[in-house]
Amino acid sequence: MTPANNTANDTTNYDETCPLLRTTSNVHNAEAQIAEKPKSTPLPKAQLAALCIVRLVEPITFTQLFPYVNEFMSDLHLTDDPSKIGFYSGLVESAFAISQLCSIYQWARLSDVIGRRPVIFLGIIGLAITTLMFGLSKSLASVLVARCLGGLFSGNIAVIHSVLGEITDSTNQMVAFPIYGLAWPIGSIIGPLMGGAFSHPASKYPEILGYQFLKDYPYFLPCFIASTFAIIGIFLGFIFLEETLPSKRNGKKSISPNASTNGDSVTTAPALPEKPLSVSKLLSVPIISALALSGFMLSYIGTSFDVVFVLFCYSPIKSGGLAFSASQIGYSLAIAGAIGAAIQLCIMSYLLRTFDPAKIYCFCMSLWPYTFLVLPVLNLIARAGLDETTGELGTTAVAFLWVGIAFVLLLTKAACVAYGISMILTKENAPNAASLGQSNGLVQFTMCFARSFAPFVVSALFATSLEYNLLGGYLWLVTMIMISFLGMTTSRKIKQNSVKTIG
């Protein structure tokens, strides 16, 4: 007779054998559970595709004016001194960044109340209208108004990040986040190409686009095309993008943790809706405050590098730069976009499956000091290969120089992976589902705050270093390396406080 066939009349003592058998069985079951990996949740492909199209709108509308903004300011006849044109074009971009800073947290907070869809659609509609306003502007005042309004409406970026967090989980985010991350590098390639090709279309393509309207408004066409992308985003979003805010989902029952069982019956207590936390309470959460602080450092360092890299390429070789032409700088930026897209497409998914996001984030932040350190090496290559007679670089020097540029841009785009990892960490560590939007908004707010003044500070530091030959003209380099090490230090707090999640 076995223990399974034991009856009430059986007097056999199973005190030793029965617990042993049960324990052995439990051990096997535990081992099987450990060995069995959770199945990956199917991705909502239509929603993800619509979200990526929506995400494309901002980089396209933001970067399409880069090729012609200086020319636009010159056409407005604001000054007779060409060297001051940069001040006005910088003012235009600062107006956008400051307006975005003022609205980003408010959009996130509003989306936690009325839902994600209304906020996203309202933001895209606003971007489409303000981009058209920019193309129709005839004065500095109208340009600034258009850019300020555009910045206000583009503040919904944190809400888009929240939707991505709500349609994914830890089993499929290693696929979704890299795909979503492709939107910015692709948009930052499309935008400048579009702006350069379609500004002044009446003079470039007189047979096809020689209309008087396009002569009067030479920057309208790229703005119109960018607005068309925005309208497509609205259309696809309206069809495929579902509401993801838990409290606003229609016909979806949430699982309550307050469930009790009695025999075969299950009694579920009604789930109380979660409430979003206030800013002060969010900042009291160690991991959220660490993400906000490190996000500020990341955005300041990353934005500063973008600005200083262009200044470095444009400056004369004898002043510590590379003396690149505008087209050569454009090629460099195109290489940067291609490298960024390749990292998102080929490497990001593997990293998320293999490593803890907090460790990836810290590693990315540790790369920033070296990205700045490589820049003087590029100048040394240019100096060594410069022909004093012709003032041009030799073929070998040019080859080594472009290899070096590709290397420094590879380092930069690898460091920029931290932007995508920050989204994952914010999603995984938000105090509750209702606070996800505000958590994203808080982190994005600190990033936008850094972007609002980083270009002015680093460009002024760069110019001052060269003008007064401070530290041999490299005061800007020493300062940025020190700030990069500080950013690396702040990122360690994220590693200490984050929830460990490996896909």
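From the backbone N, Cα and C atoms, a Cβ is placed for every residue, glycine too.
Note that this is a predicted model, so its numbers are computed, not measured.
Taken from TrEMBL, the feature compositional bias 'Polar residues' covers 253-268.
According to TrEMBL, the feature domain 'Major facilitator superfamily (MFS) profile' maps to 47-491.
Taken from TrEMBL, the feature region 'Disordered' covers 250-269.
Per TrEMBL, the feature transmembrane segment maps to 119-137 (among others). Counting residues 6+ beyond its ends, the transmembrane segment (119-137) has Cβ neighbours under 8 Å at 54, 57-58, 61, 65, 107, 110-111, 143, 145-147, 149-150, 152-156, 159-160, 163, 217, 219-224, 226-227, 230-231, 233-234, 237-238, 241 in the same chain.
Distant neighbours of the transmembrane segment (143-164): 48, 51, 54-55, 58, 61-62, 72, 76, 91-93, 95-108, 111, 116, 119-120, 122-127, 129-131, 133-134, 137, 176-177, 180, 241, 244, 423, 426-427, 436-437, 440-441, 443-445, 448; these residues of the same chain sit at least 6 beyond its ends, with a Cβ under 8 Å from one of its Cβ atoms. Residues or ranges marked as transmembrane segment by TrEMBL: 143-164 (among others).
Marked as transmembrane segment by TrEMBL: 176-199 (among others). A Cβ distance under 8 Å defines the sequence-distant neighbours of the transmembrane segment (176-199), meaning residues of its chain 6+ beyond its ends; these are 43, 48, 51-52, 55-68, 71, 164, 167-168, 218-219, 221-222, 225-226, 330, 333-334, 337-338, 340-341, 344-345, 348-349, 352, 419-420, 423-424.
The transmembrane segment annotation in TrEMBL covers 219-241 (among others).
Annotation source TrEMBL lists transmembrane segment at 290-317 (among others).
According to TrEMBL, the feature transmembrane segment maps to 329-353 (among others).
According to TrEMBL, the feature transmembrane segment maps to 360-379 (among others).
The feature transmembrane segment is assigned by TrEMBL to 399-421 (among others).
Among residues of the same chain six or more beyond the transmembrane segment (442-462), those with a C-beta under 8 A of the stretch's C-beta atoms are 90, 93-94, 97-98, 100-101, 104-105, 108, 155, 157-158, 161, 279, 282-283, 288, 291-293, 295-300, 303-304, 307-308, 311-312, 422, 426, 475-476, 479-480. For 442-462 (among others), the entry in TrEMBL reads transmembrane segment.
When Cβ-Cβ distances below 8 Å are used as the criterion, the transmembrane segment (468-488) is approached by residues 294, 297-298, 300-301, 304-305, 308, 319-320, 362, 365-366, 368-369, 371-373, 375-376, 458, 461-462 of the same chain, each at least six residues removed from its ends. The transmembrane segment annotation in TrEMBL covers 468-488 (among others).
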Task: Cβ-Cβ under 8 Å with the transmembrane segment (219-241): same-chain residues at least 6 beyond its ends - done: 46-47, 49-51, 53-54, 56-57, 60-61, 64-65, 68, 72, 117, 120-121, 124-125, 127-129, 131-132, 134-136, 163, 191, 194-195, 197-201, 209, 213
Task: Among 290-317, 360-379, 399-421, stretch most in contact with the transmembrane segment (329-353) (C-beta, under 8 angstroms) - done: 399-421
Task: Cβ contacts under 8 Å made by the transmembrane segment (399-421) with residues that lie 6+ beyond its boundaries - done: 177-178, 180-181, 298, 302, 305, 309, 322, 332, 335-336, 339-340, 343-344, 348, 351, 357, 360-361, 364-365, 367-368, 370-371, 374-375, 377-378, 381-382, 385, 393, 491
- [ ] Sort out the residues at least 6 away from either end of the transmembrane segment (360-379), same chain, that have Cβ-Cβ distances under 8 Å to it, and list them.
- [x] 294, 297-298, 301-302, 305, 308-309, 312, 317, 320-322, 351-352, 401, 404-405, 407-408, 411-412, 414-418, 421-422, 425, 474, 477, 480-481, 484-485, 487-488, 491-492, 494-495
